[in-house]
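The annotation compositional bias 'Acidic residues' is assigned in TrEMBL to 43-72, 81-92, 491-503. Taken from TrEMBL, the feature compositional bias 'Low complexity' applies to 468-483. Taken from TrEMBL, the feature region 'Disordered' applies to 1-109, 452-503. The repeat 'WD' annotation in TrEMBL covers 178-219, 390-424.
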Amino acid sequence: MPKEQNEPSSSDEDEESLFLPQAKEVFAQRRKPVVIPRFPENYPDEEINPEEEDVDDSFTDDEDDLSNEETSEIVKASTDSSEEEQEDEEEIQNQGESIEQLGAGREEKEDDDIIVAICNAAKPQEKTKPPDLRTSLNCMVTDISFHPNEELIAMSDIEGEITCYKYGNEENELLHTLNHHKKSCRALTFNHDGALLFSASKDKSVVITDIETMKITQSFCKAHSSPIYSLLCMDANTWASGDDDGVVKVWDKRRSVQKPVAEFKEMDEFVSSMITDSGSRLLVCTSGEGTLTAFNTRRKKMEGQSEVYPSEMNCAGLIRQETKVIAGLGNGNMYIFDWKAFGYHSDAFGDHPSAINCMLPIMDNIVITGCDDGKIRAISLFPHRFLGVVGHHKFPIERLDISTCGHYIASTSHDGRVRFWNISYFENPDLKLMETTTKKSVRNKKRSLRKEKLGFQLPSSKRRNKGDFFAGFAEPEPEAGPADEAKNESEPEPDTESSSDSD
């Protein structure tokens, strides 16, 4: 049995006969001796071993020729690869240098942009309005008045001091200081040509001062039996005053006797404001009892009086070429009366969030109001809508006045400061004062628009609107082509009123 096991099988012999001859041929082709060339000039100091020479001589001529060819190819391949590596390294270095140059260029550009931004920020910005004014005693400013022909402004404070300033965009210059009144100076106004300054005080006196000499021309020590609240120059010679008890008096400065030309007692509360038309025929007064009363100064009688409104009337103004009177109330409502029809209002606007303390018509259909929340708002009339916030104080606005050039308005508050606001942008017809880039649903459209308009900041305000930051991200609406216009004309508009009523 062991002998049978050691004998090769027929299958093994077949495999050897088939596999071994082919494998030997393949291995004979692939197995080629690699000879490392040795050059004596490169190794002069080394001794050559004779046995190694015998080994080299043992190779046949064909194998020697083959090995020499392979070595030459290897040397050539190595030199080519080294050259390619050098070229790659040079390209990498060049790329690195170019990337570094680009990075350095970007850094230099960023540095230049930063330097330009710093230089622009360091440059003094162009001033568009005069700086704020403060009283010498840092007390509350009670009234202000612009000169009708020159760049002068007069202001009075609660201590009875009157100061006159020459205003400008760069600085304000103090010209005069007057101390005519013992108590608070409540009202202050220039006459039509600016030659005289009228001032009324809580001590019941009225003083007329010459602007050139700054001397008192006339003084009425007991002009009223109650403290004077309001004052108005009607024309070159006549002026009117109203006190805390609702008494209105009309004066003529040409009379030698210090007695009023006419006296009216038709109101039970303080006379908050007085206005008149260009002909100075009617004197319209508002009262703390909530009435609007008109007096005919020539006939010396009352022309008409409105019904009593639920809140005090604090201010009034003429609009629409003196054909209408607008009055502001303490509950935030505004009522419009037709001229010579003062019994009941013809229109109303009641969206103010707080009391309206003062009012200033600057154009035929634009009125600026000062409110209890410390904001000065611009309102467009016919149609009635808010234009935005002109300026703001921390405390309620008490007085407003406009300069002779019409570019500035001044406002006072309880903080003892007079602030100027540049409103020249109202003269630009292309200016869009209120833009909305977001679409709102019909249900919340009125409420959201009212909220935006109440807090929308106009260019005169120092604050910015929240939507201005994202204005650049808004995508422009695509222009409608002729096909879209035809489609829009064919489609009926949705009835928003019915949908809002249904909600």
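Heads up, residue numbers simply count up from 1 along the chain you see.
Placed from the backbone N, Cα and C atoms, the Cβ positions cover glycine too.
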Over the span of the repeat 'WD' (390-424), count residues by DSSP class, listing helix, strand and coil in order.
1 helix, 21 strand, 13 coil
If you average per-residue pLDDT over the repeat 'WD' (390-424), what number do you get?
94
Could you tell me how many residues in the repeat 'WD' (178-219) are helical, how many are strand and how many are coil under DSSP?
0 helix, 22 strand, 20 coil
